[in-house]
Amino acid sequence: MANVVVVGAQWGDEGKGKIVDWLSERADVVARFQGGHNAGHTLVIGGVTYKLNALPSGVVRGGKLSVIGNGVVLDPWHLLKEIEAIRAQGVEISPETLMVAENTPLILPFHGELDRAREAQTAVAKIGTTGRGIGPCYEDKVGRRVIRVADLADDATLELRVDRALVHHNALRAGLGLSEIDRDALLADLRAIAPELLRYAAPVWKVMTEARRAGKRILFEGAQGALLDIDFGTYPFVTSSNTIAGQAATGTGLGPGAIDFVLGIVKAYTTRVGEGPFPTELGDSDGERLGERGREFGTVTGRKRRCGWFDAVLVRQTCATSGVSGIALTKLDVLDGFETLRLCVGYDLDGQRLDYLPTAADQQARCVPIYEDLPGWSDSTEGARSWADLPANAIKYVRRVEELIQCPVALLSTSPERDDTILVTDPFAD
Ligand code: IMP
């Protein structure tokens, strides 16, 4: 059976929700493998809207196993609230349908406070984080002082873990002018949620291995996008996890051979939330128009997304770092009505032409996009369900994108409706 990884191939918000839902209908297991509740996935099924942050998209469809892997950082209070909210919409969630890896790090309230306190400091450049404690929690994981799901099961271990974390955090907080953490209150809060959270705890690596051996179809659901990857993104303006496809294996406990198809989700233009370089960003009426037509507002923070032309250099790069087998091109309809469309095909760096984004921040800032112009189309592509429904210039645009990024289109999405999709290659096909 084919297992599919879905990753964002730009800066997130590529429209993964619809594609993941479309694929999850045919998956047996849907697993999150990185990130946390900084993600915002909106699903519309049968006219009902579900808003998910930490839960895998598979939870809203019956008969599947949803998995939160060890690569995720988990705010337990947020998770339990999210479960309640989804349950209130009539969805059944139980330990049989949702499993959380025992080795998943927990986001605690002081992680969020630290995240927000750092962002509020004006002396250093802001990252523009979601303020949800994602970075500080990953720091603690790597610093070997994080509290993990399994630690909740034994009170003596929990106290040791809390003390280890507080030694570090109280020193840090003193420097930032934040009050000391109330140890007893934190322990009491953790003890209070432990029984409910532990109901979902499982050795996910084992469950996933058994599912794979039993020939189940696994869908690995990525969050954020490849340009926000901690190693390959526009550092330091990135999130704190590996968002690229290789993380699907590490973040759930399977070997890399478990991945058969990597689907990169790519928006027909480019957007970014938060700070950081963005070579094709538009500060003009074309940018405004992309934002309005594409309804480009962040689902988690409500921030206006920055908009720009399609950057083929960046997407070629992320298709390489994630080993993308095929892309799902989304929001093509947002480009309807533009007289001319621009595709970034290279950068000019101090008079030299580059075919990739350099790593050094000062060089990134000096990269001037080199554009190729294509004629737009006046007919609507919204709701197209076959190539024959698309204007000739829209097809030319898509074909040119494929050539430039050196990766084929597997799916084309032409509206938020799940059936407004053109299927070229089935990622789940054996
Ligand atoms: P953090 O993940 O909250 O640490 O934020 C780091 C960067 O990633 C910021 O630029 C955020 O705007 C961005 N980011 C985090 N999650 C998402 C997402 O789900 N979509 C798009 N951008 C995100």
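Sequential numbering from 1, following the chain as shown.
Note: Cβ is positioned from N, Cα and C throughout, glycine not excepted.
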Would you identify which residue of Thr130, Thr157, Thr252, Thr318 TrEMBL lists as part of the IMP site it also attributes to Asp13, Glu14, Gly15, Lys16, Asn38, Ala39, Gly40, His41, Arg144, Gln224, Thr239, Arg303? Thr130
Using Cβ-Cβ distances, find the residues under 8 Å from Thr299 (substrate binding site) that belong to the same chain and are at least 6 apart in sequence, listing them in sequence order. Asp13, Gly40, His41, Thr42, Lys51
Relative to ligand 1, which of the recorded positions Asp13, His41, Gln224, Thr299, Thr301, Lys304 have a Cβ found under 6 Å from one of its atoms? Asp13, Gln224
May I ask which of the recorded positions Lys141, Val300, Gly302, Lys304, Arg305 is closest to Lys18 (GTP binding site) if we compare their C-alpha atoms? Val300
Between the Cα atoms of Thr130 (IMP binding site) and Gly15 (GTP binding site), what distance do you get, rounded to the nearest Å? 18
Which same-chain residues, if any, lie at least 6 apart from Arg305 (substrate binding site) yet have Cβ under 8 Å of it: Asp13, Thr271, Arg272, Val273, Gly291, Glu296, Phe297, Gly298
